[in-house]
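First the structure, in the form of structure tokens, and then the observations on it.
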């Protein structure tokens, strides 16, 4: 069966790409250049897609700096640094991009329907939905209803299904799953800062580094500063 995979090039999305392959899917990945601070991730997405040997990798371009509203799309908003995991989960962080997953899933839905795909894979997980409203199980359920009601395939009784295999997993479990699937961690990118070397102090870097450390594993990526 055909599947569209939302691929940022990060740890989570790379894992779901390899999961989709393990599920026997014919994989088509889609990434987004929305002029994010961390556009470096797009290079990783390309490398991961190429290494996985997928059918097609697409990059959609649009500019969310037009209205900002996030530290990832507005340079005037500072990125949080050196926060604890507990501090990260207290409220919705400034790295939340307004309606981003709704935008991404809408593009993925259009792509999936155009190629008659049966599935759309997204890498939302338990750690994400503690802080991000568009990563929660009830959000995914609501978007599944949109997929059913708003497409020709859905109206004909063959809805495109959203698959979120990481929805109940934390970062450590995702890394363990990725190891089983053979995800090339050295090609992935999680850092929110721009640049060629991961900072090691933004929320995303710290979550990733802490998970590898908890498992007693070494993250193959170099960092400017470790945990």
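From the backbone N, Cα and C atoms, a Cβ is placed for every residue, glycine too.
Per Swiss-Prot, the features are:
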BINDING   7, 8, 9, 10, 11, 12, 13, 14, 15, 16, 17  ATP binding site
BINDING   191, 199, 202, 205  Zn(2+) binding site
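Features per Swiss-Prot, on structure.
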residue: 7; record: ATP binding site; Cβ within 10 Å: 32
residue: 9; record: ATP binding site; Cβ within 10 Å: 24
residue: 11; record: ATP binding site; Cβ within 10 Å: 26
residue: 13; record: ATP binding site; Cβ within 10 Å: 24
residue: 15; record: ATP binding site; Cβ within 10 Å: 28
residue: 17; record: ATP binding site; Cβ within 10 Å: 29
residue: 191; record: Zn(2+) binding site; Cβ within 10 Å: 24
residue: 199; record: Zn(2+) binding site; Cβ within 10 Å: 19
residue: 202; record: Zn(2+) binding site; Cβ within 10 Å: 23
residue: 205; record: Zn(2+) binding site; Cβ within 10 Å: 25
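Excluding 7, 8, 9, 10, 11, 12, 13, 14, 15, 16, 17, which define the ATP site, the same chain contributes 45, 48, 123, 188 within 8 Å (Cβ to the Cβ centroid), listed in sequence order.
Between the C-alpha atoms of residue 7 (ATP binding site) and residue 199 (Zn(2+) binding site), the distance comes to 21 Å. Within 8 Å of the centroid defined by the CB atoms of 191, 199, 202, 205, the record's Zn(2+) site, lie the Cβ atoms of 79, 190, 192, 193, 198, 200, 201, 203, 204, 206, 223, excluding the listed residues themselves. Here the C-alpha separation of residue 205 (Zn(2+) binding site) and residue 9 (ATP binding site) works out to 14 Å. Geometry remark: residue 15 (ATP binding site) versus residue 202 (Zn(2+) binding site), CA distance 21 Å.
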